[in-house]
């Protein structure tokens, strides 16, 4: 009734009470997770509506709201529908808040329960309840505060009693992070009382005089942009190295993928090679050369530091900012911030040419090759459900006041920069402008907002440029290969090559073959030939994947992936 009913249940509080009583009676974790997610603690879905609890940019819960007709509830950081809400582009503080999970010596995650602000250390995997935001305290530069998904701070008193109900940061919410010799494990020391935080099952306290070690795991999507704090430049794939010389993270070469291994990360460039501590790029991951532990450094310029196996920190050297490890101490040169990697696309018209601003500010579909002037950042506007196209000069497409043309001169306050995206057959889109007309391309390349209906001239192909390798995640976990099959409920993940064909279809390739659809609709990763998939941009960080059989790929809680959905539901949205 709850899943299929035509309207949302009127008193959600009554549903939550039922969930709590159900949990008390049955103590199996898998059953709890399934039931909670089914009836609305994570998301509540029917055929045409969806009720979503999100988090604001500070980690706080935003009440759920009804989605639009295609089942997509606005913007979602890098998290799917049941995950923390993504910040909008240009949020200056978002890169200074780090979402992490804390795993104890038994391999269980610190968890903030949604009722009574209870704490335990029994989470089997890193999901929303196991996600914590490390918030630097500017008035106390050596400390951090930990905020739960409920927007409450972790705190401790002098007797070692721990709670997570504080709405404001204070002396008892501040912790000092200490690192083990390998840099992988962390200890949290109360800045007020000098005692260490520990947790085992429901025994969570802060009363130990000796360090109690936790393993930190980043909770963000691993495909990011990385900026050196001192230089103010982004890392990118250069000529045989990773350089820090880009003011804007533009193009595929600015994509960095953080590959997790045993509490450390490897820095993977957009061509699939791994950064070694000496600055060279390796075809294969070398644990001694390519793995870095992550340390959080607060102070006037908070950031992350990457420490290699020899105890030296990553920095950027020389005019081009070559990335390599050098010093054993951390200064601003060794600090980095991570930012979400927004999708960057090219727009191909029916005449086979790409929309370009190469010849000035006016948009024309007249270029046969893709360069920076044919690359646009696609940004979702959650309030309206529409999209913006940002240029390399930080301007947006906008409707011109003369001749209904499109010019690259808009800013984010201008409503004429918003375009409604309507999907057409074969992955094409129609873009409806603020004047109610569709964007239309002429044979010679002129682009105007004059289309009254969708014909071939009003259909465009969006080519995703900055995901040559891609990591997918859904509500149940990451996509990867386990026990000889492709699964979508994993804590670890695999990166796949994403190849686009001239016809607009994508081929997804792993180390053992191509993704392909089996007779029963399940997805295999051992295809001998490329199989055609389409990607539909559905929210800030999620796509729907349409397979060659015309159905959408959906994930199941047991990890199975099947191409059998006739319409887009929550289970069909993949963070990328």
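Note: Cβ is positioned from N, Cα and C throughout, glycine not excepted.
Range 63-94 is the one annotated as region 'Disordered', of 63-94, 95-126 (source: TrEMBL). Taking every recorded stretch in 108-211, 351-462, 486-576 and counting its Cβ pairs under 8 Å to the domain 'Fascin-like' (253-337), the highest total belongs to 108-211. Secondary structure of the domain 'Fascin-like' (486-576), assigned with DSSP and counted as helix (H, G, I), strand (E, B) and coil, comes to 3 helix, 48 strand, 40 coil. With DSSP states grouped into helix (H, G, I), strand (E, B) and coil, the domain 'Fascin-like' (351-462) comes out at 12 helix, 51 strand, 49 coil.
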